[in-house]
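Comments concern the structure below.
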Amino acid sequence: MDFPSYYLDHVAGGRLIIGLIASLHVLINHPLAVGAYPILTFMEWWAHKHGRKDVDELAYKITFIVFIVTTTVGAMTGVGIWLSTSLFAPFAIGSLLRVFFWGWFIEWLVFISEVVLIMGWFLSWKKADTTEKKKKHIRIGLALSIMSWLTMALIVAVLGFMMKPGEWSQTRAFWDAMTNPLYLPQLGFRTFFALMTGAVFVWFASFFFTRDRDRSKPQGQRLRKWLVYRLSHVVLVSLVMTLLFGNWYWHNVPEVMKANSAVALLSQQFMGWHSKFASLLGWTLGAFLVIAIAGLSFSSLVPRWALLIPSFMGIWLLGHFERAREFMRKPWVIGDYLYSNAVHKDELAFLQSEGLLKHATYVKHREVTEANQVECGQDIFMLACSRCHSTTGLNGVIEKFGLMYGDDKAWDSSGMLTFIQGMHQTRTFMPPFPGNEKEAQALVAYIQHLRTTREPLQGAQTIGIDAAPLPATADNHVTQQ
Amino acid sequence: MIPSFLLANTPIPRDLPLPLPLPEGLLKTLLVLFFLIHILFVNLMVGGSVLVVVAEWLGRKRRRWDSLAHAIAKTVTVNKSLAVVMGIGPLLCINLVYTMQWYSANALTGHAWLMIVPLVTVAFLLTYLHKYTWDRWAQGPKKTLHHANGIAAMLLFLFIPLIFLANVNLMLFPSEWEKVRGFFSSLRIGNVLPRYLHFMAASIAMTGLFLAGWFGRKSSDLSHLPGFTRPELRRIFYRVTALVTLAQFGFGPLLLFTLPAVGITPQLYAIIFSGAAVGLLTLIVLALELRASDEHIGRHYGWICALFTLVVLGMGSGRHVYREAALHPHQAAIQERTQSYAAALAEFQKAQVGKPAPAEPDANQLFMNCAACHAPNTKLVGPPLTEIAQIYAGNPEGIVTWAMAPGKKRPEMPQMPPFAHLGEASLRKIAELMLEKGKAP
């Protein structure tokens, strides 16, 4: 509430945009960087050891694709997560940066070396023409694989922290934030998932570089057989490990959340996701298993399109995983510390007693009156609801109340008021309403007004800001002096 | 004390209630240093993309320029990757030190800020396409297409810095925020356009100096640049650097004298003019180099780089001194408001501790959890109490069981959420109250 609200009404605040950028980033990072670099380095090493120029050549061509994609879309979506969260949840990313500065700082140094190494590795590949140079070149690939994994290993700490800050809630210490309870299982899950999808990616990409022009000399066929046989092993081993770590992870979450959350319902909400996730996980792992076993013994029978099945299921699984992770975290953006609408846990009662408008920075009025009720309600909506809800669009409040009270009937304002004040009890993924009674009434008035007018709500990027003068209260000596 | 003019129209937000991870002064020093490293690679990326286009254009008549353009293009794709990755450090620091101003500026220009991601991605993909199709798209209409590709990448690289500049500029002037209506209107605040000219000129001068060194290295392989000698290449890029640096003596004062007065201090003038004096010295050494014979050209390259570093450090510190002066009153006001809010909050919490613990909620209070959906006689969201009382007459346990894990019975109504978190005892109280209320006529 202390930042101007960037707001896109039709896409429900902006979670969707953060989600799209972040998912695209993960889909590039996991298979193409974390997963593929070690596999490609292995190919280069093996080719050197056995004098197989064709394997080296194939590894180089696939690295070209990885190089282009990771240094453009991969790098920019990584920065994009930051740019988009800075628009939609500046309070959250701002807080995370203060908690995780050292993690991010080290990650930055690792990332610099990753970028330098990928450029060095790819651009010097053809120049490594002696045994000495080749050995050095392979070592660059190895270093790159390690750095690439490390960037993920550092960032996963932040993801686990946002769901379950662990000891940090008491100590506020960086180290406790890094070693949050969900860290290791999630890291293991992501590592092997990356290797598994990375192997399928390399396998898929190899189809395009192993086509035989001369059918009487099936060199491409032979090369592909060599590769697929080995990749099948990678898929099989990673599959088992993904399953083990995935289980550890998923069985950890509810216990931890139950123990620390007064709202036991959250785990029940989670159980619904859990069963869907479990069946999807089962089908996806099954698809990887079938492909891997086929690759071990009769790889020539595996058509190119068949690889797309586990790949797409993997994408779906990962997307679902990220979504479930986000959902389970609700109503928090930082577990047990900061609600998703920027209200801190420890200031909730204060704001409910004093009023949200009184202490907000960007509002038109400080007090709700008969005359300004709808305008105040709109500001309340922007402050308390707009990070997740749109007005009439996706995840819109009109749609939500329509589901409850019926689209064709009048909505009972006193019922709405009761609902808003107790919604965190009935919908435990919602944060408690952070204002006083008059402000809740203003919100109801705005929603009723919105229902008839269906006026789209504009963000600060379009209509600018209002900053009503601060009242001379305890919170604000500034104006008194 | 906060000047009254500032309070009249300046939003004073509260800061985040978490401490900075490093001393503020250290973060600011790191910000200036990291930013200069980042901007160096940005300069080389932007300036490089311009010089590629110019050289390729010259190459349409004289082949040797085309090979030179290709050689420069190869540096751009490397520098662009470093520009991105080096940008994270300063972004980290600016986020921490100027959290309130920086994110506010981002939000006010939000669409453009978000567009950075796709625009930069496209620009990067275009530079790769340009580089890797050089030999294949070498003749006729394909060459025109190839050149157009280079121009498209350049135009993107010329536009994107404007978004960053608008933000860096806007964060300095909180008192102007209420006037801003998106990115384009933010360009009218402060002196964005003189800053932009200054930045563009610096980009080309830096790239010239970099290329003079890059092609001037004894170890550099010039076999793919037929028609050029090493001294000639050095001279070309020295000339670019010298001419543009000369132009900076026009853009620099334009930038300085159009800066809004809010952050101008004598200290700033001292830094900027010392920087300009070193710039003048650099120009003189450059002129000496340009006059040197083929054998001797390049001898002062190290000196020129060192002098340029001093100029850049001067300008970077000048920027920082201006920012500090411009934002000082706002930062102080934020701090004051943050502290008094924290004090009011602490006082409130202290008062809460003294209060007796709330009594166990009675049945009527507990029923508020249900009242939003269940009214006595009318259907709100779920069935009215009269109907519930009929179904569960004499069976409050049935209501409890249902509320613990509701299912979906009525297709026309939304499914009820579970209420297990209220606990069986409370649910039992609610159930009895419901049956009683539902009985009443």
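Every residue gets a Cβ built from N, Cα and C, even glycine.
Those TrEMBL annotations? Automatic predictions, nothing curated.
According to TrEMBL, the feature transmembrane segment maps to B:30-58 (among others). Sequence-remote contacts of a segment are chain residues at least 6 beyond its ends whose Cβ falls under 8 Å from one of its Cβ atoms, and for the transmembrane segment (B:30-58) they are 22, 65-66, 68-69, 72-73, 75-76, 79-80, 82-83, 86-87, 89-90, 92-94, 97, 127, 130, 146-147, 150-151, 153-154, 157-158, 161, 200, 202-208, 210-211, 240, 312-313, 316-317, 319-320.
If you look up TrEMBL, you'll see B:78-98 (among others) marked as transmembrane segment. The list of residues near the transmembrane segment (B:78-98) in space but at least 6 beyond its ends in sequence, with Cβ under 8 angstroms from a Cβ of it, reads 20-22, 24, 27-28, 30-31, 34-35, 37-38, 41-42, 44-45, 48, 120, 123-124, 127, 171, 327.
If you look up TrEMBL, you'll see B:110-129 (among others) marked as transmembrane segment. For the transmembrane segment (B:110-129), the list of distant contacts is 49, 73, 76-77, 80, 84, 149, 152-153, 156-157, 159-160, 163-164, 166-167, 182-183: same-chain residues at least six beyond its ends, Cβ to Cβ under 8 Å.
Sequence annotations record features per position, and here TrEMBL assigns transmembrane segment to B:150-173 (among others).
Annotation comment: TrEMBL describes B:193-215 (among others) as transmembrane segment. Outside the transmembrane segment (B:193-215) by six or more residues, the chain places 40, 42-44, 46-48, 50-51, 71-72, 75, 158, 161-162, 165, 169, 187, 222, 225, 228, 230, 233-234, 236-241, 244-245, 247-248, 251-252, 254-255, 258, 298, 301, 304-305, 308 with a CB less than 8 A from a CB of the stretch.
TrEMBL lists B:236-256 (among others) with the feature transmembrane segment.
For B:268-288 (among others), the entry in TrEMBL reads transmembrane segment.
Annotation comment: TrEMBL describes B:300-322 (among others) as transmembrane segment. Below 8 angstroms of C-beta separation, residues 28, 31-32, 35-36, 40, 172, 206, 209, 212-213, 216, 259, 263-265, 267-268, 271-272, 274-275, 278-279, 281-282, 285-286, 288-289 of the same chain, each at least six residues beyond the ends of the transmembrane segment (B:300-322), sit close to that stretch.
Helix, strand and coil content of the domain 'Cytochrome c' (B:358-438), in residues and according to DSSP, is 43 helix, 0 strand, 38 coil. As annotated by TrEMBL, domain 'Cytochrome c' applies to B:358-438.
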Close approaches to the transmembrane segment (B:236-256) from elsewhere in its chain (Cβ under 8 angstroms; 6 or more beyond its ends): 51, 191, 194-195, 197-198, 201-202, 204-205, 207-209, 211-212, 215, 272, 276, 279-280, 282-283, 286-287, 289-290, 297
Chain residues in Cβ proximity to the transmembrane segment (B:268-288) (below 8 Å; excluding those fewer than six residues from its ends, i.e. six or more beyond): 238, 241-242, 245-246, 248-249, 252, 256, 300, 303-304, 307-308, 310-311, 313-315, 317-318, 321-322, 325
